[in-house]
Amino acid sequence: KVYVACQSMLIVLVGAAPEYHIDQEESPFSRAELAKRIRFANNFTSIVTEAMCLACFLSLFGQWYLVEGEAYKVGLASSLFFAGLLIGNITFGPLSDKLGRKPVYISGLFFDVIFGYVTALAPNYDVFAVSRFFVGIVNGGMALVSFVLTQEYVGKSFWSFTGSLTNLTFAVGIAVYALLGYCVREWRYLALLSNTPGVIFFLLSFMLPESPRWLYSQGKTAEAEHVLQYIALSNGKEQLNLKLKPCAGTLRKDEPAPGILNLVKHPVLRWRTVILMYIWYVCSFVYYGLTLNAGELRGNLYLNVALYGLVEIPAFPLCMVFIEKSWCGRRRTMASFLVFAGFACMFTLFLPTNAGLFFSPTLLALCGKMMVSAAFNIVYIYTSELYPTVLRNAGLGVCSMSCRFGGILAPFVPSMKSLGPFVPFVVFGISGLSAGFLTLLLPETLNKPIAESIEDLHIPKYQVLKNKKA
């Protein structure tokens, strides 16, 4: 997740535009003379200043000059990355459900590293933008599969811990990337440095076993037993006398594997998917929207990027405290965080414009962002528990796809300030409240076993596991 965070936040520093002025701006001149007339205030480089640093080399491939009328290309490269994330989320999930978690994860990580180096060595903007699109596809898909793989390595009682820790390291990765950017000001070196850990993780990933839950759901009981024995021995346990019963939902050879259409065909999964897609959409919509509306952070660029990640860290201990309590659980905790985030936005309507620091709209918006970050963390864990193993990645992929639409729409909400200064906060507040109340329609998964097949969703033993000995 640290590597994923560096790739996700790459454009923030690599595409940063320092203050500049153009000599004799009123005079018409060709783009070839722009490098002679433009003056940048800062000493760091980015794709915006690329023509200033490597003008001789780049003149052979085309000049960048991402200023004035070409400035939109920085945002376009970012949009292409998020478009790639959307495609990766929807394609990698079903692939890993059919082919296995490990091969799809390793393949995605391999191409993520390859396209990451293409980004760093791009000779022109076109190659840079296309590489960011493909990085988005493999980065988003690989990150989704790795999350599921991490969850399926451990027992159900550890899912809240591993899920929270996984998302916590993403926030830490944002701060790590800011530190790298502070130390390395040349954008190509920064892109190379932030991509290099992917090579290490790729080599280490070959040591990982396949998901025992996926093997079991596919009827590969002997291989699942072997992986469980390997995990037990790695944990310092003695040789176990382990024998798994055949999975009730194991497919016959003449039966097709469950696909993404099963999320629509089965009524139970259909309503879960519709509600979860909206919740994921709202989490992304409110999270990125509050980031844009919490006030423009001025000052050191690298410190601002670090704070962008560190402000989320307190949300994860809150999740781990509440989601394991029997009186709260996954459902009520996530609903509470979403409702709190909604009310935090709505309360900005009642604050005077001259309110102090502790009652300012910015502080309320930041509190709302922390709460929606907590909800974002829980929805990963909660969603993975609501889908059976044979469709877990497909379900997460569809929900992640709707999440990307929320991130795409969020930047347009600030323009609603023309209707009133607090209109954007009202939009975010209503969204958070509606998603919070819809969460209460979902079943609780605390103290319940994980379904391996679609048939398990209808078996009574998978509906309650309370005050019973496993």
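In case you wondered, yes, glycine gets a Cβ from its N, Cα and C as well.
Here TrEMBL flags 31-447 as domain 'Major facilitator superfamily (MFS) profile'.
Taken from TrEMBL, the feature transmembrane segment applies to 44-66 (among others).
The transmembrane segment annotation in TrEMBL covers 72-92 (among others). Residues 8, 11, 15, 17, 47-48, 66, 104, 108, 125, 128-130, 132-142, 144-145, 393, 396-398, 400-401, 403-405, 407-408 of the same chain, all 6+ positions outside the transmembrane segment (72-92), place their C-beta atoms under 8 angstroms from a C-beta of that stretch.
Through the fold, the transmembrane segment (104-123) approaches residues 7, 10, 57-58, 60-62, 88, 92, 95-96, 131-132, 134-135, 138-139, 141-142, 145-146, 149, 188, 191-192, 195, 198-199, 201-202, 205-206 of its own chain, all at least 6 residues removed from its boundaries and within a Cβ separation under 8 Å. Summarising the annotation, TrEMBL assigns transmembrane segment to 104-123 (among others).
Residues or ranges marked as transmembrane segment in TrEMBL: 129-149 (among others). Only residues 6 or more beyond the boundaries of the transmembrane segment (129-149), in the same chain, are considered here, and those with a CB under 8 A from a CB of the stretch are 1, 4, 7-8, 11, 73, 76-78, 80-89, 91-93, 95-96, 101-102, 104-105, 108-109, 111-112, 115-116, 118-119, 122, 163, 166, 208, 211, 380, 384, 392-393, 396-397, 400.
Marked as transmembrane segment by TrEMBL: 161-181 (among others).
If you look up TrEMBL, you'll see 187-208 (among others) marked as transmembrane segment.
Per TrEMBL, the feature transmembrane segment maps to 271-290 (among others). For the transmembrane segment (271-290), the residues of the chain that approach it from at least six positions outside its boundaries are 263-264, 334, 338, 341-342, 345, 365-366, 368-369, 372-373, 375-376, 379, 383, 386-387, 395, 398-407, 409-411, 413, 424, 427-428, 431-432, 434-435, 438-439, 441-442, judged by C-beta separation under 8 angstroms.
For the transmembrane segment (302-323), same-chain residues at least 6 beyond its ends with a Cβ under 8 Å from one of its own Cβ atoms are 5, 9, 12-13, 160-161, 164-165, 167-168, 170-175, 177-179, 181-182, 291, 329-330, 333, 336-337, 366, 369-371, 373-374, 377-378, 381, 446. Feature annotation from TrEMBL assigns transmembrane segment to 302-323 (among others).
If you look up TrEMBL, you'll see 335-352 (among others) marked as transmembrane segment. Listed as Cβ neighbours of the transmembrane segment (335-352) (distance under 8 Å, sequence separation of 6 or more from its ends, same chain) are residues 279, 282-283, 286, 290, 318, 322, 328, 359-361, 364-365, 367-369, 371-372, 374-375, 378, 422, 425-426, 428-437, 439-440.
Distant neighbours of the transmembrane segment (358-382): 147, 151, 159-160, 163-164, 166-168, 171, 276, 279-280, 283-284, 286-287, 290-291, 293-295, 311-312, 314-316, 318-319, 323, 330-331, 333-334, 337-338, 340-342, 344-345, 347-348, 351, 396, 399, 422, 425, 428, 432, 442, 445; these residues of the same chain sit at least 6 beyond its ends, with a Cβ under 8 Å from one of its Cβ atoms. What TrEMBL lists as transmembrane segment is 358-382 (among others).
What TrEMBL records for 394-413 (among others) is transmembrane segment.
What TrEMBL records for 419-442 (among others) is transmembrane segment.
Note on the domain 'Major facilitator superfamily (MFS) profile' (31-447): mean pLDDT across this stretch is 82. Under 8 Å from some Cβ of the transmembrane segment (161-181) lie the Cβ atoms of residues 1-6, 9-10, 13, 147, 150-151, 153-154, 190, 193-194, 302-303, 305-306, 308-310, 312-313, 316, 319-320, 373, 376-377, 380-381, 384, all in the same chain and six or more residues away from its ends. Residues 79, 82-83, 85-86, 89-94, 97, 140-141, 144, 147-148, 258-260, 262-263, 269, 272-273, 276-289, 292-293, 379-380, 383-384, 386-387, 424, 427-428 of the same chain sit 6 or more residues outside the transmembrane segment (394-413) yet have a Cβ under 8 Å from a Cβ within it.
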